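S.K.: Just passing along the structure, written as structure tokens.
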Ligand SMILES: [Zn+2]
């Protein structure tokens, strides 16, 4: 999942326009979450008490005046002493559209040894370096069912974690078409339909069962990352003019020379 879009401050007019759009689009337009290394780990959404964590001083101020909602629940307390995700990882090369590893289903993780922990760390490090909000293992060339995320929902609640062998067990609610991009198609985006709610089940690196539920932009992220592990990119979901426009933009993109055959 992409940085939402560009990591640079946007013209004020676009902020104003984003504010006037539905919540999902506005959230997508804010686009900062992946640019900040996490110093607080957040548990399940919508559990109080709430703490406002201002983003000032943590990255470019886009003038949106938004704050992160952060829960102070037992997960936060339990994980406070853990290292920052990605701090021991190495930034890996991002695989680009057309690379075969992006277009084939990933395999189930069966080895929960140190290599898996290193993979998760590398995923976080690479995601943060690219200012993304989610990253699947095959995007760094590893064909295993693993993804990481550090992503806000439409209420600005931050969700951070990883899932091994995820299964999208529910995707429902209204269908929302929102701007969506991908770190494997850098700089591009297209209106893509996603359900407004998604539930993913899998396990942690310790093999413990985990269930992640998301709404709004975070639900989009969960669906996007599960798609990756099934060998699908958002471009595969587009039809008609939207697909034509995106593929034209792919051909014109600076990275098109390194992209493999697609479309
Ligand atoms: Zn992606």
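Every residue, even glycine, has its Cβ placed from backbone N, Cα and C.
Below are the features I grabbed from TrEMBL:
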type	residues	note
ACT_SITE	225	active site
BINDING	182, 224, 228	Fe cation binding site
REGION	52-71	region 'Disordered'
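Give me the local environment of each listed feature.
M.R.: Proximity of residue 225 (active site) to non-local residues of its own chain (separation of 6 or more, Cβ distance below 8 Å) is seen for 1, 134, 135, 136, 147, 149, 166, given in sequence order.
Cβ-based neighbour count (10 Å, all protein chains) for residue 182 (Fe cation binding site) stands at 27. In the three-state DSSP scheme, residue 182 (Fe cation binding site) falls into the coil class.
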S.K.: Setting 182, 224, 228 aside, what same-chain residues sit with their Cβ within 8 Å of the center of the Cβ atoms that define the Fe cation site, listed in sequence order?
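M.R.: For the Fe cation site the neighbour list reads 1, 134, 136, 139, 183, 184, 225, 227, 233, 234.
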S.K.: Whose Cβ, among the binding-site residues 224, 228, has more other Cβ atoms within 10 Å than any of the rest?
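M.R.: The residue with the densest Cβ neighbourhood is 224.
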